[in-house]
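As recorded in Swiss-Prot:
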- Met109: methionine sulfoxide (MOD_RES)
- Met238: methionine sulfoxide (MOD_RES)
- 144-165: repeat '5' (REPEAT)
- 207-227: repeat '8' (REPEAT)
- 239-262: repeat '10' (REPEAT)
- 1-18: signal peptide (SIGNAL)
Amino acid sequence: MKAVVLTLAVLFLTGSQARHFWQQDEPQSSWDRVKDFATVYVEAIKDSGRDYVAQFEASALGKQLNLKLLDNWDTLASTLSKVREQLGPVTQEFWDNLEKETAALRQEMNKDLEEVKQKVQPYLDEFQRKWHEEVEIYRQKVAPLGEEFREGARQKVQELQDRLSPLAQELRDRARAHVEKQLAPYSDDLRQRLTARLEALKEGGGSLAEYHAKATEQLKALGEKAKPALEDLRQGLMPVLESLKVSILAAIDEASKKLNAQ
């Protein structure tokens, strides 16, 4: 599992650097990439959530209940955007302070990671090639089953799933075994380097304790500064939740009346 995590980390770093190479931009730091990734992830969740709400409202059940979830979702999204704007300067100050305090440690770790990445890259290329081969083999095995499913009846769904599961498990096991076999030594090397760095920090005068104390202090300050924005969020959510509650109760009451009338 550690080897898999290392693989994903190296792939993420390598892919990000390649993008800046082709675009001729200044490469982002790992810190900036983490923050950008978090922002993109949150936006994707928000957009996909709105799509699900819209699909539900367009369904027959959604039209019958008439909960107006989409309006409430937009109100909630607007409230969250305002809160994020209020917290922006506070969180930026926190990230800047934390980045400054850990700059030396991150610089050493980036150097170690770059060395490991250079050693691992040939194995990653080989893994990608083998992965494509395994996927093609899996596709060839699954193709007849897919055709059989299309020709069969619905009651064969469970049977098809039972037959597909061993093939999928076989593919996962092969990929995991290959990664662990090829990358485990490099994962151990990186872990040993990190342990050595941390031991050096301990021997150098309690830098780790200082990092922990400063991070705790900054988190406490962040919590105090965020209280007004979080209170605004709570006040903004109350009308949305109340409206949703009223809509649900009205829908239940309407359904009860229809059942009693029958």
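From the backbone N, Cα and C atoms, a Cβ is placed for every residue, glycine too.
Keep in mind that what you see is a predicted model, and the values were worked out from it rather than measured.
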So for Met109 (methionine sulfoxide), how many other CB atoms are inside 10 Å of its CB? 16
Three-state secondary structure of Met109 (methionine sulfoxide) from DSSP? helix
